[in-house]
Each structure stands twice: as structure tokens, then as C-alpha cells.
């Protein structure tokens, strides 16, 4: 069993990007983060993204709105970013308060600045296999992990557990694409799947992205499978100072011995998401400069 | 074995639409068809669509360009339709000549007039499960056939054979949607699938949309499966006056006895495509009138 080290692979990507950014003349790439409210996870993630951007020489700005921001105000701010030629990338951190539709906000971001890849036009471009697509960061990170770990996907059975817009669906679309790390026979399983174990047992590659701690157990995994664990679940743990620990959707200890390759949680897919965000930001910048 | 009669089901839908259109005051719904060149299949399909539109009280206009039309001229014409408030729906008949990109043309059609559902924004909306999506006509027709034939999809294994943008991918997205005729565990198989027979044998529902005559044989189909045959393939047949006959992707004679329900070719999915186009046109019209 070989561990797929997301920390190391993301480090490689960040180093590549850093070298590339250093060659840019004129203004640096720039990304604006929009956060609504003080959700601790959102605060943590946006901080992390800003730190990494700074390290790479990417300029970032954080705009924080209170929970009480109106839909009109938020959409108006996005419009102003869309037309600001100094802004290459825009990322609105989800979740948003209940009175504002995530989807409406994602779809308001200009497709050409949508470094998060959640805008309908970019998702559609992905479906069209259009190289102009910005691909959402977590699924793009999964493909990058597979590619850099030498995992063959063509003709293999891939089972994606979870059908979210953020991970499951785009990961499935990427895995079935006519592309180097694509051409897989892809099954999307989810909460309504009648026999998840049977579906998973057919898989050469499992992508677990359903948000249920330890759902994928050893009996569900074929000997030699590659397992990508996208889950980031908090479970109570009195032995930890914080009172919890973070676990994936895969029962790592029992599943790992059966795998040819597996990602840990943390240190697997997680760090890739930030790296791919930076990659998308640099891409957005390059497209602006070429236009 | 029960035959799913696409002629009858599409007739029902067309009758419903005709009654609905009759209640509209003011101008009728209107759709513009754009055809480039004289490809006999394109001529046939557009004629058919115009006839059905006329029967329903939908106004249609056909604009024909020669094969030599420039990209700029075609895109300019689409722009003029996009801003014409008397045009509710726009359909550009594929295939286009080699010097013009189908994708660029599809993506130029305003998403709000894209009754064909091929624009990236509408495909993305489908992925987002946004009710604002125009869903492409053939996959929408497949779902309508399943729904009106009482086929349960929730928790069932559906195998879509073919990963085209026009049928395979949207059909898969619809079958996995959180919706009445959705919630299936969906596998997308295709030309690179290592063991198509094994994949199909797991299926409660098979959607064959790969364009290979008779590819799906009896040994690949589980007893009691529902089979939807999207293939429209021309095979040589000296006994026919035209010298050919039309067959599906399913070896109907041997597969049908094993099925609980199956669509014939012709008379299955084919007529549904036109009916769903009319449904989308009426929808586009209603949205314009409400706006």
C-alpha cells in the first residue's frame, strides 16, 4: 500500500506556480475573497487561501460582509468585481446565510473570473469538455492527485460516492472525459443507492465524497483499489485538546491495507483544493493578460 | 414484455401542449430554426419540427445559410435572434460545416432562448439542478418516457451507454438528480469501457446512446430490465426500397423478450425529441411573457 501524499503533491504544484508567477511582468495575479459572516470554518479556509496566495506572489483582497448583508448588496459587489480589470479571480466562500442563494451568487460571478468553478457556465463547459472551463478546485485536485501518482484511469471502473455539485458531479464528469486521466467507466452512487457495498466492490478507483465518517469499510473495497477520500468530518474525541478529530469518509485503518494507493485525511485531497485554486487564479490572470 | 410507445406518449404531450397554446392570448410562441447547408437528415429533421410546430400553433421560421457561410455571419445572425423580442426559441441544427465550431455556436445562443439545451449555461444549470435549465430534448424525452411508463428509477441501477454531450451526459445527470424520475445509481459506460457486458448486466435500466447498431445483445441484459434505445443507425438492407433500414443500438428481437419494458426503433425515443423541443419552446415563451 502506497500513501498518496497530498501535502507533497500540492507543494510541488505551489512551487511550480511560484516559479511561474515570478516570471510575470507588470501587475501580479489578483484574487478577491468574499466572506459573509464569521463561520469559523470559513474564516479558517479563507485565511489559509490568503496565506498561500501571498507566498506565491498572488495579490489577494478579503471583503467581509456581515450576516445581515442583503442579496442586492452582495450581488452588487460581485458586479463591481466582475468589471474591475485589476481583479482576475473571485471566490465567494460558501456557505452563505439562508436568505441568500448560493447558486444565484455563484452564477453572478463572471465565468471568466470564476476560479472556484461553481458558475453554471463553467460547469457546462466542463460537460462540453471545453478547455476554457474553470474546473472546481476539489475535483480538479482529485484528478491531479491521480495523475501525479501514476494512476491509470482509462477503461477502469471508478465509483464516485456522493453527487454534490461541488465534488461528486464534476469529479464524475472529469473521470469520464476524453482525457489522459479520464476515460473511466464512472458510477455515481449516493444516499439513495440500494447497495453501496456492491457498487464499491466493482471499483478500481473509489472517490468518497459524501460526508459520512468511515462509511467506506474494508468489505466494500476490492483488493488493489485506489481510494481517494474527500471527506472532512469532525468526530468527537475526548482525547484531543479540541474535543474532536477530523476523519474522512473512509475507515482508513481497515481499508488502507487492501489498497494499492490511498489518500489520508488530513493531508490528502484537502491541500490540493487550495493549490488548484491558485492554479485557476494564475490561469485567469494569464487569460486576462492575453486578451 | 411491454413496449414503450414513443409515438403514443409524444402524441399525448403534443396534445397537452396544443391545448395549452390555444389558451395563450397575444402573439403565439415562436421558434427560429437555423440550418446550414442541405444535409438530407438536417433537412428532414427541421421540416419535421416545423410541421409539428405549425400543428401546435407555434410560429416557426426557418433560416437557411449556404455551407459557405462565415462564422461571423452565423454568429451575427444568432445575436440578432437573441435580441429579437418576437423570438422565444432558437435552434441551430447540427452538424455544422467543419469551419464552424458547433460548441461556439451553441454557446452563442442566449441561454434563455436555448430550447435545444446545448448552451454551456443550461448544461451547468442542469448540473446545479436549477429549474431554470432548458434540458436538451432527447434526454428530457427519455425521462418523460420513463415517467409516463411508470418506471421507478429511485435507488435503481441505471447504465447509460455513451458519453455524448447531446444524450449520454445529460441523461446521466437527469437520472441521478434529486427528482421523482431520478435518484438512480448511474453508471456511464462508453467506447473505452473494459467490460460493457458486465456493466450492463448490473442495470435495472439501460439507456443505449452510443450509435452502434445492435451493440446491446441479450446476454448483456438482466431479466426484467427496462431498455431505452436512443440509437438511430442506418444499416444496408437490399430488401428495402431505400436500400437501408433504421435500427437502434439494441438487438431488439433478442433483447425484448428479457425486458419488462423496452422502446422500439423507430417509434421510441425519436418522436419524444420533437415533443420535448415543443415543450421547451412553450416554456421559453411563458418565461418571456412573465418577465
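Even glycines carry a Cβ here, placed using N, Cα and C.
Straight from TrEMBL, the features:
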DOMAIN    A:4-116  domain 'Tetrahydrofolate dehydrogenase/cyclohydrolase catalytic'
DOMAIN    A:136-288  domain 'Tetrahydrofolate dehydrogenase/cyclohydrolase NAD(P)-binding'
BINDING   A:162, A:163, A:164, A:232  NADP(+) binding site
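Taking the features listed in TrEMBL, we show where each one sits on the structure.
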residue: A:162; record: NADP(+) binding site; Cβ contacts under 8 Å, 6 or more apart: A:168, A:188, A:189, A:190, A:207, A:208, A:209, A:210, A:211, A:230, A:249
residue: A:163; record: NADP(+) binding site; Cβ contacts under 8 Å, 6 or more apart: A:169, A:188, A:190
residue: A:164; record: NADP(+) binding site; Cβ contacts under 8 Å, 6 or more apart: A:209
residue: A:232; record: NADP(+) binding site; Cβ contacts under 8 Å, 6 or more apart: A:246, A:248, A:265, A:266, A:270
Of A:162, A:164, A:232, chain B-adjacent binding-site residues (C-beta under 8 angstroms): none
Most distant Cα pair in Å, residues A:162, A:163, A:164, A:232 binding NADP(+): 16
Segment confidence, the domain 'Tetrahydrofolate dehydrogenase/cyclohydrolase catalytic' (A:4-116), expressed as mean pLDDT: 97
Secondary structure of residue A:164 (NADP(+) binding site) (DSSP, helix/strand/coil): coil
